[in-house]
Amino acid sequence: RSQSPCLGKKMSRKLIINKIIYLKLFMFVCSFFFQIFSWVLSSAKKDDTDDEIAKYDGKWAVEEMIDSKLPGDKGLVLKSRAKHHAISAQLLRPFIFDTKPLIIQYEVNFQTGIECGGAYVKLLSQTPDLDLDQFVDKTPYTIMFGPDKCGEDYKLHFIFRHKNPKTGEYEEKHAKKPDADLRTYYTDKKTHLYTLVVNPDNSFELLVDQTVVNSGNLLSDMTPPINPPAEIEDPDDRKPEDWDERPKIQDPDATKPDDWDEDAPAQIPDEDAVKPDGWLDDEPEYISDPDAIKPDDWDEDMDGEWEAPQVPNPACESAPGCGAWQRPVIDNPNYKGKWKPPMIDNPNYQGIWKPRKIPNPAFFEDLHPFRMTPFNAVGLELWSMSSDIFFDNFFITNDRITADRWANDGWGLKKAAEGAAEPGLAAQMLSAAEERPWLWVVYVLTVALPLVLIIVFCCTGKVRHTHTHTHTHTLQNTAGLCSGSAQSVRLTGGTERSWTPKPRPRRRRRPGDAASLD
């Protein structure tokens, strides 16, 4: 049994695992709550899919998390890998988009990580033929919201189906991709709270753990745009045959100069080159390998005459070169290549042709896209390569304060419990190094190396001297980390000397002597 925060009444909860599953849901009767009645497993099949994988036969369970920090706290868990899952729940009354915002939030924990799959929720449109027992991917929905990931593509969906006021057809509108880095929410195996807020002024916010990760306006930040353009290009317009799109043309009056030699080679031998001394003209660059032996199974009738493989001539190793010497080639200063007329501005240039604009026959202007199709059910229609995805505390309301309070009382407890169970800094560093061995190098450089240097410098018993400009010596005793003491004297000019003091006889100080030790 659970306590209602609005009326303080005790509300009952049920649990039935078969066709209908009552998940740990709170039955509120306040006007700003939209009560979920029951969970229903789909028995449908996907269209246009092989029978072996068409069924929604993925398993669901109501159980605690694998590593639960709150004993007795259960949620809805997707249990099967590489299966289609579909489960939905009817609301006792539909949500009408009028003058109050929509807030939907729920918790997700990828307990075993996530390879490829989603954990998004669908708000199913209110239609006369809505049958939760036949809930499939093509069942009409008003909003789809939640996390999705495949490979290194981390998404947080916000999609709504907008009704064209002229044709009555629906088109999916996708929110822009969040700028925030979402990777951690999919990999840290913690429970995260996903919240969508859509306001009557068409603004929206997507939050994770009560932090905004994406926001915008339905009129300006959806793809494709809500409203089509007022004008479109005329599909029947054709570019005239004499339309000239060339900004530059060859100069028709230009002629090739008489001294232009198109046959001159691009490179010529360097006449100033001289053969290096010691060049071995009579030695080949490669010779037959003297150590090579004809294989025993060599058949000259089949394989031809055997020849030893070629190897670099050892006589050439100490020489600048072997074989016939040839002059190196250089760029020909007289090379001009094939002559082409220079380019000039095209006097007939008309610009890039574009079809003319005409009024868009499909144009409409919907300035209130917030007024979406009412929904009266919530559904999870998912396919995942990972199992044990934990869902909990689905909450739909039109009151932001209540949603925040509910989040703090529910997800806030999980966050506190998971935080208290986190390992210390040292354990986290060791765990990170197990996944990324190169971190050991960083640890050594940032921790071990400075520690070694401190011990070395503090245990050597060195003395540091400083001599002032007045030739006054200052002797300072500093305590080291090891036995013994260190002394220092600063010398004039900033130089330093160090020594280990030895016992010496004390001398009686005479009047007029200059102080040598302070």
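In case you wondered, yes, glycine gets a Cβ from its N, Cα and C as well.
Annotated features, as they stand in TrEMBL:
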- 236-258: compositional bias 'Basic and acidic residues' (COMPBIAS)
- 279-288: compositional bias 'Acidic residues' (COMPBIAS)
- Cys116-Cys150: disulfide bond (DISULFID)
- 216-294: region 'Disordered' (REGION)
- 492-518: region 'Disordered' (REGION)
- 21-41: transmembrane segment (TRANSMEM)
- 438-459: transmembrane segment (TRANSMEM)
Quiz prompt | Neighbour tally for Cys116 (disulfide bond), based on other Cβ positions within 10 Å of its Cβ | solution = 14
Quiz item: Within 10 Å of the Cβ of Cys150 (disulfide bond), how many other Cβ atoms can be counted across all chains shown?
Solution: 14
Quiz item: What are the DSSP helix, strand and coil residue counts for the compositional bias 'Acidic residues' (279-288)?
Solution: 0 helix, 4 strand, 6 coil
